[in-house]
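Written below as structure tokens is the structure these notes are about.
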Amino acid sequence: QEHIKLTDQLRSLLRSLRRVSELPDCCFNMEPNNEDNVSFIPSASPAVPITQITAAPVPGLSPIPPPSFPPPMAPIPVARPPTFRPPQNGGAKASDSDSESDDEHYVISEESKQVRERQEKAMQELLIKRRAAAIAVPTNDKSVRDRLRRLGEPITLFGEQEMERRARLAQLMARLDIGGQLDKLLQAYEDDAAPKEEVDEEELQYPFFTEGPKELREARIEIAKFSIKRAAVRIQRAKRRRDDPDEDVEAETKWALKQAKGLALDCSNFGDDRPLTGCSFSRDGKILATCSLSGVTKLWEMPQVTNKIAVLKDHKERATDVVFSPVDDCLATASADRTAKLWKTDGTLLQTFEGHLDRLARVAFHPSGKYLGTTSFDKTWRLWDINTGAELLLQEGHSRSVYGIAFQQDGALAASSGLDSLARVWDLRTGRSILVFQGHIKPVLSVTFSPNGYHLASGGEDNQCRIWDLRMRKSLYIIPAHANLVSQVKYEPQEGYFLATASYDMKVNIWSGRDFSLVKSLAGHESKVASLDITADSSCIATVSHDRTIKLWTSSSNEEEEEDQGGETMDVDL
């Protein structure tokens with residue numbers, strides 16, 4: 001714009017100079033006034049004599065000589081600057097006055113071209129926005145999807161909401177309208193989408209899902225039957241605790257929190273030469289399994305973890321997680337070699353689960369003990385049949401790597417968490433993603449279900465532990481749990497009286513399951529705490545760390561003190 005303004009000023013100056021130069025030499029002559037006796041004869045030519053001024057003589061005064069003026073100067077030639085000539089359409093010729101500077105052109109710099117391109121682009125976007133605001137766009141989301149489909153565009157994008165989808169359709173229609181293609185495209189797609197008379201309607205129907213194997217259908221039916229029975233037992237127990245006058249829930253909660261507050265370090269032992277990554281108690285609490293970056297899984301005899309029962313060696317890379325079956329004496333391990341393995345407690349390898357395309361993160365057993373869930377950095381989690389080793393389900397849904405996995409105690413739901421900062425809840429009976437919890441601002445590394453069936457806890461790299469309510473479909477409470485990332489969360493397995501969180505700040509914190517206040521902080525590790533587990537009766541907590549040690553934490557209260565205080569005991573259903 002500055003160049004254009006300068007060019008216009010130069011043009012106006014040149015036109016003025018041309019008009020002055022084309023005028024003829026002028027001469028102004030004034031006849032002498034007889035009364036004043038004055039004559040003034042100027043001339044533009046140097047040959048004209050100098051102007052003379054005479055005055056009448058005054059008596060008593062000597063005459064004044066006429067003043068002398070310098071000779072007139074010759075006109076100064078003016079140099080004409082180069083003129084800018086924009087290209088003319090149709091080969092139009094320039095005027096005769098500009099013929100002398102036809103070979104002189106003003107060159108536009110690259111910066112000016114870029115500025116002009118940006119201006120044109122901004123104007124184009126402004127026109128598109130104005131046109132999009134004027135175009136009639138359907139407000140019904142189903143109609144918006146149908147219109148996008150007719151235009152050959154994806155009907156939805158990842159994470160796109162209804163208003164964003166409608167705005168995308170408006171922008172697309174505005175662009176097509178400016179290009180003159182909207183009516184033709186819509187007409188063409190409407191003609192293609194119209195059903196033809198000779199085509200049977202049954203041939204146009206197709207499933208909107210990917211059909212799974214027969215084994216998956218049978219597994220879903222079995223999971224549905226199992227979950228109905230477990231849910232009935234849970235609801236019946238909840239009603240009994242509510243209606244039975246002998247049930248004192250408040251007293252049981254206080255007793256459990258008192259036991260948790262009395263947790264202290266009972267024993268500590270080195271578990272491996274490399275940092276430990278996972279631990280798990282057997283269902284009877286007599287065996288503790290640990291895994292490490294060396295790829296070796298070890299089984300320890302409780303309660304002192306000094307005697308090794310078995311050493312499981314078959315993984316080719318580091319082991320990432322270990323978990324015991326809830327129904328029998330077998331355990332599963334996950335590894336960075338993209339496989340999961342099923343073992344007996346005597347060290348016998350039962351199954352190898354292969355199929356993931358990247359390293360595994362976590363592994364979990366279904367409450368029925370018949371299925372195994374694994375998560376991987378290939379952005380999927382999978383469900384396996386432990387008896388046949390077959391892959392029943394390959395579940396996508398996370399945009400980044402999947403890390404944590406947990407099953408509800410009823411067996412109907414599964415929860416997964418990933419590096420996309422989301423926690424998803426899946427219905428295993430239908431295969432649908434029924435809930436998506438958004439709130440964490442960094443990757444979510446662990447999830448766990450509460451025994452009550454409707455609370456879900458998650459922890460991640462944002463140092464927070466969030467409690468989600470499946471009934472209200474929102475975050476119930478946010479716990480600023482640690483000074484570093486939360487590596488694992490675990491509910492007390494019987495009634496969810498308290499929640500334990502492990503962190504890379506070298507601490508394990510115990511939180512009340514009632515008001516989520518801090519009950520106890522377990523400090524003793526010298527490096528990052530990678531994993532923890534709680535026994536079925538909540539009497540012991542095991543933690544493993546990158547300092548290569550296993551630590552067992554038990555309550556300092558003994559049975560004699562409990563009997564002295566009235567014999568309070570925790571109602572445990574095994």
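Cβ atoms here come from the backbone N, Cα and C positions, even for glycine.
Since the structure is predicted, the reported quantities are computational estimates derived from the model, not experimental observations.
Pulled from TrEMBL:
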| type | residues | note |
| --- | --- | --- |
| COMPBIAS | 60-85 | compositional bias 'Pro residues' |
| COMPBIAS | 104-116 | compositional bias 'Basic and acidic residues' |
| COMPBIAS | 558-574 | compositional bias 'Acidic residues' |
| DOMAIN | 139-192 | domain 'Pre-mRNA processing factor 4 (PRP4)-like' |
| REGION | 59-116 | region 'Disordered' |
| REGION | 554-574 | region 'Disordered' |
| REPEAT | 312-344 | repeat 'WD' |
| REPEAT | 353-394 | repeat 'WD' |
| REPEAT | 395-436 | repeat 'WD' |
| REPEAT | 437-478 | repeat 'WD' |
| REPEAT | 479-521 | repeat 'WD' |
| REPEAT | 522-563 | repeat 'WD' |
Same-chain residue ranges lying at least 6 outside the repeat 'WD' (395-436) that approach it to Cβ under 8 Å:
158, 209, 212, 220, 223-224, 226-227, 230-231, 234, 358, 361-368, 373-383, 442-449, 451, 453, 456, 458, 460, 468, 470, 473
Per-region confidence, the repeat 'WD' (353-394) (mean pLDDT, whole number):
94
Per DSSP, what is the residue count of the repeat 'WD' (395-436) in each of helix, strand and coil?
0 helix, 24 strand, 18 coil
Of the residues in the repeat 'WD' (312-344), how many are helix, strand and coil by DSSP?
0 helix, 20 strand, 13 coil
